[in-house]
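For reference, the structure is listed below as structure tokens.
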Amino acid sequence: MSLKTRTFPVELNIILTKNCRKLLQIHLTLSRGPRDRRKGLGGINHFHQTPNREWFETDAVLRVSLGNFLFFTILALLMIGVKNQKDPRDHLHHGGWMMKIVIWCLLVIFMFFLPNEIISFYETISKFGSGFFLLVQVVLLLDFVHEWNNKWVGYDEQFWYIALLVVSLVCYVATFSFSGLLFHWFTPSGHDCGLNTFFLVMTLIFVFLFAIVALHPAVSGSILPASVISLYCTYLCYSGLSSEPRDYECNGLHKHSKAVSTSTLTLGLLTTVLSVVYSAVRAGSSTALLSPPSSPRAGAEKPLLPLNKKDEEEEKKAARPVTYSYSFFHIIFSLASMYSAMLLTGWSTSVGESGKLVDVGWASVWVRIITGWATATLYIWSLVAPLLFPEREF
């Protein structure tokens, strides 16, 4: 399956979720009712007065996201156990787009007739699903940097060693330069910004800790992964600090709130697309792990009698194994649906405090900061685990 084909579902997912506010007028009309009934809405939030427009916009985003989630979850369940291209479900996975679009549209429309209690429950589980999606990104990043380092070291040539050193130096220069800007932007003089200072200092402590552990003689680490993870953790710290409410005195970017909100949305959606595509591609390496140990490998069994050329070609085509787990592919899209909704609604907590700004609010801040800490913890664990458990393979 081509890269364009893989990116189409998530692009459709994110673009339509982003523009689902156009359904607001329909949803708003259907939600009209007696004032006393609206006061007791059991939806996303509880109000002592008539819900405002922002509430309905958030509700519409969550309902479209729920339709996306159910659509990809159904596909994930249908694709369990697909091992080769002879399986009829292989055609369903790669084709049937008109049928898929019709089913997707029906699911999304149906979501707008569900009671608010179901949407409220979906909002809650979306926060956990989004966190798991972010964790998947972290694991994939760690896997990527380790493979990158092993590939360059494996060439065993001076050119690649120099390239490794240059890239590492560039990452460290960018990390410390970026950190200096963050101190300038988010710890302005004349204000008590202890929390922001704590976030930045913790990030720098992790950066130094990465280098110390990676270069320790007892650890088979390398400076390249340490530098890349350092830069990524610094970016996550910036992402968290830039998500602080615009009226927060320690947010030095509040004067450019409109530009920041647009760039945050663009970068967030781009990261989501790239993460989902890479997750699906990397799922191929997990196909063997998801298959039962006793299941026969594709092509392992040979016919007792020789086949003619035509039959041999058909047999090869029929026995060709799938290159990645179709089920895991759709599970990642399901989690991405949750993450996209949380990104567009500010984790469903910042509607009142940040207006229409995307991914702004204290919930977004802590999600980014904790993700950075989780990245640091997993990276350090990947270095010290072989020392603590030498009998196990990592």
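Start at 1 and count along the chain as shown; that gives each residue its number.
Cβ coordinates come from backbone N, Cα and C, glycine included.
Remember, it's a predicted structure, so these values are computed and weren't measured experimentally.
Marked as compositional bias 'Low complexity' by TrEMBL: 286-307. Under the heading region 'Disordered', TrEMBL lists 286-314. Sequence annotations record features per position, and here TrEMBL assigns transmembrane segment to 60-80, 101-122, 128-146, 158-186, 198-216, 261-281, 326-345, 365-389.
Listed as Cβ neighbours of the transmembrane segment (198-216) (distance under 8 Å, sequence separation of 6 or more from its ends, same chain) are residues 175, 179, 182-183, 186-187, 222-223, 225-226, 229-230, 233-234, 237, 240-241, 369, 372-373, 376, 379-380, 383-384. Contact check: the transmembrane segment (60-80) against the transmembrane segment (158-186) gives fewer than three Cβ pairs closer than 8 Å, residues 6 or more apart, which falls short of the contact criterion. Between the transmembrane segment (326-345) and the listed ranges 101-122, 128-146, 158-186, 365-389, the one holding the most Cβ pairs under 8 Å is 128-146.
Long-range contacts of the transmembrane segment (365-389) within the same chain: residues 130-131, 134-135, 138-139, 141-142, 146, 199, 202-203, 206, 209-210, 213-214, 218-221, 225-226, 229, 232-233, 236-237, 239-241, 243-244, 342, 347, each at least 6 residues beyond the stretch ends and with a Cβ under 8 Å from a Cβ of the stretch.
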